[in-house]
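Pulled from TrEMBL, these are the features on record:
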- Asp106, Leu107, Thr108, Arg133, Gln149, Asp153, Arg302, Tyr306, Tyr307: L-histidine binding site (BINDING)
- 36-392: domain 'Aminoacyl-transfer RNA synthetases class-II family profile' (DOMAIN)
Amino acid sequence: MPQLALLYGRAWAALFGQLRRPPRAVCIQMVHSRSQGTRDLSPQQMVVREKILDMVVSCFKRHGAKGLDTPAFELKEMLTEKYGEDSGLIYDLKDQGGELLSLRYDLTVPFARYLAMNKLKKMKRYHVGKVWRRESPTIVQGRYREFCQCDFDIAGQFDPMIPDAECLKIICEILSGLQLGDFLIKVNDRRILDGMFAVCGVPESKFHAICSSIDKLDKISWKDVRHEMVAKKGLAPEVADQIGDYVQCHGGVSLVEQMFQDPRLSQNKQALEGLGDLKLLFEYLTLFGIAEKISFDLSLARGLDYYTGVIYEAVLLQTPAQAEEEPLNVGSVAAGGRYDGLVGMFDPKGHKVPCVGLSIGVERIFSIVEQRMKTFGEKVRTTETQVFVATPQKNFLQERLKLIAELWDAGIKAELLYKNNPKLLTQLHYCENTGIPLVVIIGEQELKEGVIKLRLVASREEVAIKRENLVAEIQKRLSES
């Protein structure tokens with residue numbers, strides 16, 4: 001009987017194994033496919049990406065920010081009603097035993113939740129992490145469903161526009177440092193937008209919906225935006241036309257002064273508050289030496305519901321001016337604004353913590369840099385190996401292992417081939433192909449004389465170095481290169 005049970009057990013296991021195992025054709029298809037709107041990054045791409053991230057994070061640290069991380073998913077209730085019409089793009093996770101969870105849509109809402117949860121009233125933080133959005137991916141424009149965000153935020157009660165001006169300075173520093181070409185940062189204020197909607201006759205209940213339509217002006221024409229507001233959102237045509245007169249206005253601080261004199265806007269308290277802050281902001285931007293990079297643009301809306309004051313968005317005016325390059329329309333490469341009410345939405349007593357921040361569009365910037373490298377055939381080293389340990393003779397694995405351990409212990413980045421008896425030519429070709437600058441060669445002669453042969457890969461020059469001086473000599477040469 002035990003043998004019969006074992007036999008039946010094996011039969012059932014085999015049957016269930018067949019039922020649970022996908023057909024071979026399906027497996028092959030699965031291997032060759034990937035979820036839409038996602039990407040794998042090759043070692044070459046990772047090198048470029050890490051350089052971009054290093055530059056961004058070093059700028060954040062230069063401005064005194066602390067690092068922070070939050071979970072990839074949040075309670076669904078924490079994310080709903082924070083993003084307006086974009087809430088439909090949130091990825092919901094399957095119920096795992098009572099908790100309704102969603103993947104984070106951005107890094108701002110989790111930051112606000114963190115501040116409220118920990119009862120923090122002041123913080124300057126940066127956060128680099130992945131976010132997820134269920135939108136139609138446009139890979140050529142650097143738009144994905146899974147992508148990396150780099151955020152910098154200042155939380156706390158401070159004098160007006162000083163933190164906001166610093167955020168704009170940071171964007172200028174990063175975009176200038178990355179050498180992406182000329183850029184412009186558009187600024188506006190949600191209070192000016194709301195005031196504009198009010199004086200044009202937009203019902204207050206439609207403010208957010210109309211703001212969401214205006215936010216599409218960088219993607220579609222005014223004619224299409226007007227049609228959406230009138231036909232889909234029920235706005236009166238004459239009200240839409242009045243909005244159209246305003247959203248075509250853009251300029252510097254002189255436009256701010258002009259709007260102060262506008263017969264309709266000047267009668268709206270909210271708009272006047274926003275204009276007053278923008279005037280002060282331009283004063284600080286002039287002191288920072290970046291006012292010429294900033295444009296007051298009444299068409300800028302930033303569709304997210306949580307913005308309450310100044311908003312901004314950086315766009316490239318062109319990719320680097322080279323005749324060989326094709327223009328790459330990637331939209332905005334940085335954006336942000338003030339959100340003074342978001343933390344209060346997570347606090348049981350509704351205590352507010354004023355916040356302002358920015359987000360760098362790393363994926364879009366990466367698309368530009370990647371295209372530039374393809375156009376000009378630029379090559380990238382995928383490792384940082386400084387020294388290769390080689391031998392011209394057989395049965396020298398033990399000596400190579402002792403030597404490479406000595407280099408590793410000294411903090412030198414080193415490699416060897418995982419073979420007992422590799423050919424010297426194979427080892428030298430590997431160094432040339434991967435860009436390793438130095439080779440240390442040990443053989444019978446070197447062992448007998450107590451020296452190591454140091455080879456410069458670029459010039460193929462070789463010098464004998466005393467074994468006890470090898471580490472110091474390598475470190476000296478690396479510091480000079």
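Here the Cβ of each residue, glycine as well, is placed from N, Cα and C on the backbone.
Since the structure is predicted, the reported quantities are computational estimates derived from the model, not experimental observations.
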When you tally the Cβ atoms that lie within 10 Å of each candidate's Cβ, which of the binding-site residues (Thr108, Gln149) has the highest tally? Thr108
For Asp106 (L-histidine binding site), the number of neighbouring Cβ atoms whose distance to its own Cβ is within 10 Å equals 20
Residues with Cβ closer than 8 Å to the Cβ of Arg302 (L-histidine binding site), same chain and 6+ apart in sequence? Asn188, Arg190, Asp215, Ile311, Glu313, Ala335, Gly337
Find the average pLDDT over the domain 'Aminoacyl-transfer RNA synthetases class-II family profile' (36-392) in the predicted model and report it. 91
Would you count the other C-beta atoms found within 10 angstroms of the C-beta of Tyr307 (L-histidine binding site) for me? 24
Longest inter-residue Cα distance for the L-histidine binders Asp106, Leu107, Thr108, Arg133, Gln149, Asp153, Arg302, Tyr306, Tyr307, rounded to the nearest angstrom, is 21
